[in-house]
Structures are given as C-alpha cells and as structure tokens.
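What Swiss-Prot records for this protein:
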{"type": "ACT_SITE", "residues": "Ser121", "note": "active site, charge relay system"}
{"type": "ACT_SITE", "residues": "Asp145", "note": "active site, charge relay system"}
{"type": "ACT_SITE", "residues": "His295", "note": "active site, charge relay system"}
{"type": "DOMAIN", "residues": "48-301", "note": "domain 'AB hydrolase-1'"}
{"type": "TRANSIT", "residues": "1-40", "note": "transit peptide"}
Amino acid sequence: MFASRILRNSAQTLKTELPHKETIKMAYDLHKPRSTAIRHLNENPEEPILFLHGIFGSKKSYATDSKLIASSTHTPVYTMDLRNHGETGHAQPFNYETLAQDVKEFCDEHKLDKVKLIGYSLGAKVSMLTALQFPNLVKSAVIIDNAPIPQPQIQLFMKQYIKSMLHVLNESKIRADDKDWKNKASAAMKRFLPNGVIRKNLLVNLVNKPPKDFESPVIDFEDGYIHFLNPIEQMEEMAVKDVTDWPVETTKDLKFEGPVKFIKGLQSPFITDEGMKAIQTHFPNNDFTDVNSNHDILDQRPSEYVKIITDFFNKQRYQSAPDDTILGNKTPTPKQTEVSA
C-alpha cells in the first residue's frame with residue numbers, strides 16, 4: 001500500500017475515501033460532422049464513434065482531432081471523461097471491468113448501438129474490454145498503442161506521473177489567483193517529467209477553479225489553491241496497480257470478431273511480443289499500422305493517426321452500405337490508405 005499523504009493540512013482539504021459506485025454517469029462532448037459539400041452524403045448517426053482518452057486525460061484532450069474525425073467520416077463523435085477524470089464524478093473502483101461497464105451504461109443511456117470505439121492507452125484497454133464483454137454493442141474499434149495483457153513494465157511511468165502531480169499539490173503551494181499558475185505547475189513537474197508533451201497532457205486536468213456545478217467528495221476547491229480534477233491522493237495506488245493490469249481470467253475465452261485496427265508506436269514499450277499474441281487470440285480480425293513514434297502517438301503524429309482512423313472507418317462504411325444510401329448512385333469503394341511515418 002502507498003502511504004497516504006495529507007494535502008497541505010486537514011482544514012484545507014477534505015480527506016475521505018472515494019465512494020463506491022458500480023457505474024457512474026460520464027461527462028461528454030458531442031462533435032457533429034460539418035455539413036458536407038456533397039449534398040446527398042448522409043451522416044452516419046446509427047454507428048457513432050466513441051473516443052476514450054488515456055490516463056489523466058480528458059474529453060477535451062483531443063477535441064480538435066475528434067472534430068476532424070467526425071467531419072471526415074460523416075459520423076458524430078462522442079468524447080467522454082472516464083470516472084475520476086475531467087468533469088465526471090469521483091468514485092471507486094477503477095478497474096477495467098468497471099470502466100467498461102461505465103461505457104456500456106453510457107451507450108444504454110444515450111440509446112447508442114453498433115458503436116465504433118477509439119481508445120488511446122488507458123482508453124484502449126477500456127475499448128478492448130468493452131468489445132470483448134459487449135460484442136453486440138460494438139461494431140469495430142481503433143486501438144492506439146496498447147494490448148490486452150498485464151503490463152508491470154509501465155508501472156514506473158505511472159509512479160512518475162503521480163509523483164509529479166502530488167508534488168504540485170503538496171509542495172508547490174501554487175495559489176489559484178496566481179496569473180501564472182499553469183506555467184508554475186509545469187515547471188514544478190519538470191524535475192520528475194522532463195518531457196514537455198507528457199506534462200502538457202497531465203495539466204489538462206489542472207484547474208484554478210472547478211467546472212460549473214462540479215463537486216468532489218475528496219477535494220476542497222475553496223481552499224485557495226490549484227487542484228487537479230483527478231482525485232490524485234486516492235488514485236495513487238489505483239493508477240499504478242489497476243491501469244497496468246488486465247482481467248486475464250475473465251477474458252481468457254472471449255473473442256471479438258469485428259474489425260479492429262491497431263496503431264502501434266515503433267518506439268513504444270506498450271505492445272510486446274506477448275501483447276501481440278494476446279491480440280491475435282482475442283481480436284482475430286485485426287489489422288496493424290506502425291507509426292514512427294513512442295507512446296505519445298496522438299501528439300507526435302496527429303495527422304497520421306487521424307488519417308489512419310478515418311480511412312479505417314470510411315472503408316467499413318463504404319463496403320457495408322448500399323450504393324444508393326451513400327451518394328444516390330453507384331460509387332466505387334475507395335481504397336484504404338495505410339499511413340506509416
């Protein structure tokens with residue numbers, strides 16, 4: 001067990017355990033396609049896209065990319081905050097079974113069916129488990145740089161992320177009314193995380209005031225200091241243990257037969273030989289595209305990964321839809337373009 005730290009002092013910060021909730025309502029943004037220049041090209045609302053972020057990300061992390069994907073595929077894209085992220089409530093547990101169930105409940109609540117999933121890192125594992133456990137809900141998926149196996153080798157990364165964020169909360173004492181609060185927080189994290197892209201992504205959830213009507217059972221947003229929207233103290237062990245884990249026993253006999261595109265960073269440690277074997281076992285209808293990147297594919301290769309996704313989803317749509325539902329006349333099926341940087 002990790003030692004519990006008290007944020008600043010007990011009078012300033014609430015100190016309780018996270019409440020236990022089997023499911024939780026997820027905050028979301030809906031990105032609709034821009035009107036197309038092709039007058040008769042229909043949107044595809046029956047097969048919406050759900051974009052699930054990585055650890056300590058949010059629905060706002062790749063909003064611009066989601067808008068591009070929505071317009072390029074003529075399909076609405078939902079970006080959601082997973083529990084303990086962004087504007088979604090704080091609760092335990094934080095294991096993959098619970099996160100996948102949250103996605104299922106979101107789809108039920110919004111009457112979504114035959115969804116197409118995009119998952120990055122943490123969101124990739126959530127997407128894979130959602131497809132395996134609820135195959136009738138999911139039509140296809142794009143999995144960005146992760147595999148359905150336990151990954152103890154990445155625990156060190158998680159510990160560094162947590163250490164840097166706790167340093168901002170416990171040691172830096174940055175006031176919420178400081179005009180330079182975000183830059184000061186980034187500078188404080190630099191000693192633990194020299195990579196500016198990683199710091200930028202972690203700072204997405206750092207605020208000097210909470211979103212409207214947002215409340216947390218464990219964070220006192222009125223104490224005059226900046227805060228992460230993540231309950232960092234309570235997530236310390238969960239982020240290291242649960243995020244790097246995978247429910248091996250409950251998924252050992254599960255397969256998802258739908259098409260799945262895997263995007264792999266050539267310099268990333270996340271998809272090992274063991275991970276490749278697990279992918280072949282659980283997702284037999286898989287297709288891989290390698291990109292010249294480490295795990296930070298979405299930041300290092302933004303145009304490439306967006307094109308891979310849109311080509312993949314558009315190929316499925318044109319192959320499965322009758323010609324007269326696409327353009328009102330016969331339209332040749334476009335060739336898929338693989339992008340590898």
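Glycine too: its Cβ is placed from the backbone N, Cα and C atoms.
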| request: Count the other Cβ atoms sitting within 10 Å of the Cβ of Asp145 (active site, charge relay system), across every protein chain shown. | output: 25
| query | Which residue, out of the active-site residues Ser121, His295, shows the minimum number of other Cβ atoms inside 10 Å of its Cβ in this structure? | reply | His295
| query | Distance between Ser121 (active site, charge relay system) and Asp145 (active site, charge relay system) at the Cα atoms, whole Å? | reply | 6
| message | Can you give me the Cα-Cα distance between His295 (active site, charge relay system) and Asp145 (active site, charge relay system) in Å, rounded to a whole number? | response | 7
